[in-house]
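Here is the structure we will look at, set down as structure tokens.
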């Protein structure tokens, strides 16, 4: 597991850097403007709508596939997979037709602050970008298929061709016509499907022309997926409310919130996604075989690995929010006002980073148990709280209030998940893990103080970007030394693995 996590993390670093390059390119060509707001809404609408179904199906696909394979063999598992994929394609076509018919109403739901030319542009962009859904469903299922076959490399690399296409579309749109942005979104989804297909074929996926609504495994999967779909719907409602409020707070508000959230999700994708991606098939198998000691070990190790990376990232993002935004975005059409608005949002998003990460781990444990209801109820509570907090805090903190509301609700929902998991697994074994988290937090706070002090000293003697780079490198080195000296088992395991690889 540790080897897979390390490989995925290395790949993820590369792909996430390219992905972040996409955000930098967007800020360079379009800044935090009406055009960038429209583009982000046209991107969000198909992603949000299909995520309602796609997330539920992809999450429940792995445990049900294992069950079909165990009870009826590999060939029947392929038939089941084909049935799911064909059903999803039909559903995708229906969604596209509905959005094309009701585009103005859909756009109004996501961005009620849009008026006049901005609204017209958003409608035009959405009527193009929605066609990406036709390919999204297949990608969800095929990605999950590769992961359960222990092929994590291609799913980790899938965003690379997507981001390259999107970045190229930014350049063409700037040179020719803004509408190319919408066509770029569709092309970026299609290229992902083309990219993943050869690997699916190599892993011997046998596609079958089958559409069986009466299949017992399909019914079981749908029953499990319904709570996840409801939970995802509630989460996407939160996205809708965030963007709606942001569209009314300020011109460019959607973009500023998006750029800060992209940094947040960049860190989550870099440090959390590799761990969660690798452990989920393992959790599913351990629950199926009733290996509860192994299950507890994987859960606690995952918490520590995520904390080792996310807690220092949280402190660093809070202490250096404005210099980081300046380094990444302050160029082209992205001005000082946009930088300040984005930095404020980043600061408040950072408060919830560890909660976002641990919530992913705990949710996967429930899914492995085929308990999709608990995370759904949890999500409904969290999003309800988030919407209330957003409406209140945005009045006092603007865009920053939206980010703070999201962080607070993430912390509350993570706590509720832990409490629910304790009822399912009485002896959780979290006490030793909590001691390790305290050590990690101490090292992170010392690192943060060092980073702040270095930034204050160096910024008066050299450029802000250079002083930021030096501050991050030196404080990061200090954190590494501290964490080694605090005798955390997981750190020792990683270092042992690293030394073995070097020796090899």
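Just so it is clear, glycine is given a Cβ too, placed from its N, Cα and C backbone atoms.
What TrEMBL says about this protein:
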TRANSMEM  7-32  transmembrane segment
TRANSMEM  38-62  transmembrane segment
TRANSMEM  83-102  transmembrane segment
TRANSMEM  122-142  transmembrane segment
TRANSMEM  154-173  transmembrane segment
TRANSMEM  222-241  transmembrane segment
TRANSMEM  265-283  transmembrane segment
TRANSMEM  303-325  transmembrane segment
TRANSMEM  345-362  transmembrane segment
TRANSMEM  374-393  transmembrane segment
TRANSMEM  399-417  transmembrane segment
TRANSMEM  437-454  transmembrane segment
Contact between the transmembrane segment (437-454) and the transmembrane segment (83-102) (at least 3 Cβ pairs under 8 Å, separation 6+): no
Positions whose Cβ lies under 8 angstroms from the transmembrane segment (154-173), at least six residues beyond its ends: 8, 11-12, 14-15, 18-19, 21-22, 25-26, 29-30, 139, 143, 146-147, 179-181, 183-185, 187-189, 191-192, 194-196, 199, 274, 277
Distant-in-sequence neighbours of the transmembrane segment (399-417), which means Cβ under 8 A and at least six residues beyond its ends: 238, 242, 245-246, 249-250, 253, 256-257, 260-261, 341-342, 344-352, 355-356, 358-359, 362-363, 366, 374-375, 378-379, 381-383, 385-390, 392-393
Tertiary contacts of the transmembrane segment (83-102) (same chain, 6+ residues out, Cβ under 8 Å): 45-46, 49-50, 53-54, 57, 61, 126-127, 130-131, 133-134, 136-138, 140-142, 207-213, 215, 218, 221
Long-range Cβ neighbours of the transmembrane segment (345-362) (under 8 Å; 6 or more residues past either end): 256-257, 259-261, 263-264, 267-268, 271-273, 275-276, 279, 299, 302-303, 306-307, 310-311, 313-314, 317-318, 321, 324-325, 397, 399-404, 406-408, 410-411, 413-414, 417-418, 421
Contact set, same chain, for the transmembrane segment (38-62): CB under 8 Å, 6 or more residues outside the stretch: 26, 30, 81, 84, 88, 91-92, 95, 99, 106-107, 110-111, 114, 118, 121-122, 125-126, 128-130, 132-133, 136-137, 140-141, 143-145, 147-148, 181-182, 185, 221, 224-226, 228-229, 232-233, 236, 239-240, 243, 254-255, 258, 280-281, 284, 367, 372
Close approaches to the transmembrane segment (303-325) from elsewhere in its chain (Cβ under 8 angstroms; 6 or more beyond its ends): 5, 259-260, 263, 267-268, 270-272, 275, 339-340, 342-344, 346-347, 349-351, 353-354, 357-358, 361, 430, 433, 436-437, 440-441, 443-445, 447-448, 451-452, 455, 459, 464-465, 467-468, 471-472, 475-476, 479, 483, 488-491
